[in-house]
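Here is the structure we will look at.
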Amino acid sequence: MAWPLAVSAALLVGLAAFSMDILSSVRGFVVGESIYSKAQNAAVGHLLQYIDTRDPAQFKAYSDAIAIPQGDRTARLELEKAMPDMAVVYQAFLQGENHPDDYNGMVSLFRNFRHFYLMAPVISFWAEADSLVKALDAEAQLLQKETIAGAYDAMSSQLARARIKAINLPMHELESNFSAGLGEASRKIQHLLLLGIVLMGALLIAVGSIISRSILSKIKRVHHALSISEERLHLAIQSTGDGLWDWDIEANSMHCSSRLMALLEQVDDGALYSSRHFFQYIHPHDQEGVRGAIKNHLHDNASFDLEFRILSLSGNLRWVRLRARSTLNSLGNATRMTGAIVDVTERKKADRELTRSNRALKMLSRCSEAVIRAESERELLSQICRLAVDIGGYRMAWVGYAQFDLRRTITIESYAGIDNDAAFLSKLKISWSEDDPFGCGPAGRAVRSGLPIVIEDMSHDQRIAPWLLETQLHGYLSGIYLPLHDKDGILGVLTLYSEEIMVVSTDEINLLKELARDLAFGIKSIRAQQHQHQIQSAVLKIAAGVSASTGQDFFEQVARNMAEALGASAGFVARLMPGKPVVARVLAGVSDGVVTENFDYMIHDAQVEEVLAADKFLVSNEVAMDFSQSPFLTGLGTQAAIGWRLDNSAGHAIGLLFILFRAPLEKLDFITSTLQIFAARVASELEREETDARMRDQASLLDKAQDAIIVRGMDHRILFWNKSAERLYGWTQAEVLGVPMEDFISDSTLIFEDAKNKIMDSGEWSGEITKRCKSGDTLTVESRWTLVRDDDGQPHSIFAIDTDITQRKASELEIQQLAFYDQLTLLPNRLLLISRLEHALATHIRGQSSGALLFIDLDNFKSINDTLGHDKGDLLLQQAASRITTCVRTSDTVARLGGDEFVVMLLGLDADPGAAVSQAKAIGEKILSMLSKPYHIAGIERHGTASIGITQFSDQQDTVGDLLKQADLAMYQGKASGRNAMRFFDVEMQAVVTNRAAMENDLRRALPRQEFVLYFQPQMDEDSLVTGAEGLLRWDHPERGLVQPAEFISLAEETGLILPLGQWVLETACAQLAIWGKQPATARLTLAVNVSIRQFRHANFVDMLIGALDSSGANPRRLKLEITESLMVDNMDATIAKMTALKNCGVCFSLDDFGTGYSSLYYLKRLPLDQLKIDQSFVKDIITNPNDAAIARTIVALAQSLGFAVIAEGVETEAQRDFLARNGCHAYQGYLFSKPLLVADFDQFFQAHHLQTDHQKTLENL
């Protein structure tokens, strides 16, 4: 019984031992298979993306996917170092090229690559490349054992077969090594019975079956997860709404997403397209710009973000925004460009609508000013057209007047645009007649209907068919036609052309309609004024004619005055010859201002016969058609004519008047009434006995004038007062006859006295006078006086015409209020302040007195405005304006420049500078006191202060701009001193400003001129070894010499120059780190670089730094960025995110000047820091000042508790270093060791110090 028991025991022991070995192997297989199943899909994708994009995140993902142990830094570094060579080979295979040099390079790579098995996911893609496999075969033999060992440890035998096949290793060698791995377990049971072997075989079969099912299940789960992941990715891409594209530049093949294909209205068939195919969808006008932007991007790898237009397959125009980035190969050339296209059509449409509405609003405002200020109709039309082009942004604008000729033509009166627009208008035939083919267009329809017409796209609109070709040739794509109507009827049309297709909003069209109404009102107002002036001129001409001498001079003056008063081209006075009933002799004639010779005229001509048959005849237009046989009329280019028969008191014809016009007639009532006066005067001259009767008729006509007509004697008592004067002033003629004119003058006594003197000197006067009405109201009238002389040439009376301009003056005052006063505070604005200041400098300051400017800025107004809201902020500004006004005299000026800035101009200060300073200071202190009192705003009490800058002026040559700058500068000095302060400007302050401006100009040129130099101050450890350096910037100014950073860094921050300057520093530092990294002795050195707040917060800071590291080849773990506590004040989360991104790339961080600024343990524990730096201000007195010593010890203890390294700067004595060492600080920087050095001097310092340290260690070892 003992022997069977022993055999059974031995069998069980052997079986257990063998089972343990088998289970160990199986566990290795299962673990390896699981790792590889999960990794093989993800790893290859990450690796290929890293090769294409060089994105460090993809490399890390690849490393994790192929399960490189976290602690195996050597494997990671070697794999990272190998990636550029792998990229070269990979690109060669993708392009189908056969470069033996690439394969030899790969062989060399594998020879030096210890962890060869990590390459398995990549090599499997190259398994079919026979030439590479053959080249690798020899190297694979050398690495066989390590490869098999790695595969055996991590993967199943089936996976090992796939890997060995990929690198062409003999399968029998793997099997022999696999058998050797199991040999020890086999020998343990060789003496066992056949029964144990059979049981063992059964066990292996069962276990194998279980493992197989498990592996298959895991593979299915992996594929299922991958499918879900791909689906999620597809949904994410679709949800963005972006069209994605990938352009292989070298192959010139482009893949487009389904969203992009839909945007182009093209079927998504999955095919690849060339760049030419894509460019055919870009709008022809934008193609050159897009090509240029792509070329620039590919040339310097700049950011690419561009908006342009595309035309889809059906011709629909869309605006898109294209953003892209490029992939560079190892030579720095772009090989791939990938990006996204977003449809921004609606945004562009909204932007254009808003822009056009704003422009239309501005046009409307400027149009109102033009309507008021324009002195002529032509000037008004020209200004409106120019405003539409310059402010409205339209390509061309023109105004046409509707004519009442037979064809109802529209004539172009004014336009604004470019030179070739005139050629377009010269060919333009337009009518507003419904029956005319050229009247069916939008301009004619707008005139007829009185409604605006908008054509958003002219290229397809049949309404402009007669003009379509010309509009296309001149680039007009859309048009707006605005009718010019008023209550009296049709005027014309204002037309606006644009060189782009427009979608006009309701707001914009309403503003344009209002503009058209204002323009129509302006045209009518100017015509009314011209008509009034014409009436006044005619009346004055009548008055002059009445007082003219007799004889030939009288008739010539009548002919001239008659033509000028009526705007005629020619005027003639003729007498019917006694005894010759068929002959009329021209007594006087004027044509175009030139007196013609007298001549006889045959009465049997048609026009003379018509005059004699009736008392007058009138042809308002196309007179040549009615009298085509008259060479006299056609030779003068006459369009209209009026003839008037002159009768004696018995009604017998005694003479003729003829007035000829070159333009069609309007205002016929005015012309006939005026001509009737002339006719009466001429007839009275022809028949002296009827003079008194004719003059009474003339006086009755004066009553029909709209303006007040007043005649007074030389004693200025009223002799005549017409009906319009009664309506205007309220008194009847009976009430005012004989009353002195002075009784009706309100507050214009001085003007009236001056006018009386001038009328006697020149015979005429015109001006504005304020007069009193019977109701007690006052009126502002425009008065024109003419001195009337008797037959002896002596002054007889004064003939005056008064026009009521009260409403016009009120409108002008309102416009002035809008133009020169701040609408919120009702204070003068910048324009009025400058005007008054210029006037003061030019007139008031003449050595007898002086003045001062106070520039006032409310402290912390922005905070109050943002906290309480802009409406409450407006109330505060109004209260502040009121308080400032109470502190000054009425003769001084308080103005608001904008925002929370006010300026006070003090005049009449003492001529003595010292006394003037005291006066200005007293007023400034009063203002400060008033503005520091609490503000009560909507039931809320708020406190505020102000800063004031003061500058004086007297008779010096300072300009307005100089004075404002001086006061502004002094104000900022007061604000810098702690706010609620007042400062006077002095010359030294100006010198500072001048020097600062000069330094800014030099600073802008310094970087292109390579005037900046990076110095290196060594950093030491407790063993006096050089561990690294801090890079310190110096400016080698060509005139000032070496400039320290304290003198120019703050200026660089303010001007934004810190961004290119900081980039240069980082790129230079990375280049130096790369140089040190090539030498074993200096490869361990670190380099600290200070980063400014503005530079760190810039959007592309992280990308810029990573690019500098990649391009230089520097080790990121040797770069240390020194940041300050001030960086944590705003948006700490964004700061931490950037630091974390750089930290993941290996960059280290040191907190500079710790304890001097915004110290907080809260942010300190959140920041991914590596080091704290003790500021030199604590180190300086660390031996003598207990507080500094305590702070230093606290910083060291804090750093140790948080796991940070610590370094002290500014170490200058042995005592300081010893104190720091005793308290746990073992890294130093300062003049005790070395001053900042140029790179060559630093290298010498390092070599000398390195040799000295080695020598000391040698002596110590002895």
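Cβ coordinates are placed from backbone N, Cα and C, and glycine is handled just like the others.
Database features (TrEMBL):
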- 229-301: domain 'PAS' (DOMAIN)
- 304-356: domain 'PAC' (DOMAIN)
- 694-738: domain 'PAS' (DOMAIN)
- 763-817: domain 'PAC' (DOMAIN)
- 849-987: domain 'GGDEF' (DOMAIN)
- 996-1250: domain 'EAL' (DOMAIN)
- 192-211: transmembrane segment (TRANSMEM)
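For the domain 'PAS' (694-738), the model's average pLDDT works out to 80. For the domain 'PAC' (763-817), the number of residues in each DSSP class (helix H, G, I; strand E, B; coil) is 12 helix, 31 strand, 12 coil. In the domain 'PAC' (304-356), helix, strand and coil residues by DSSP number 12 helix, 30 strand, 11 coil. Look at the domain 'GGDEF' (849-987): DSSP puts its residues at 62 helix, 41 strand, 36 coil. Helix, strand and coil residue tallies for the domain 'PAS' (229-301), in that order: 40 helix, 12 strand, 21 coil [DSSP].
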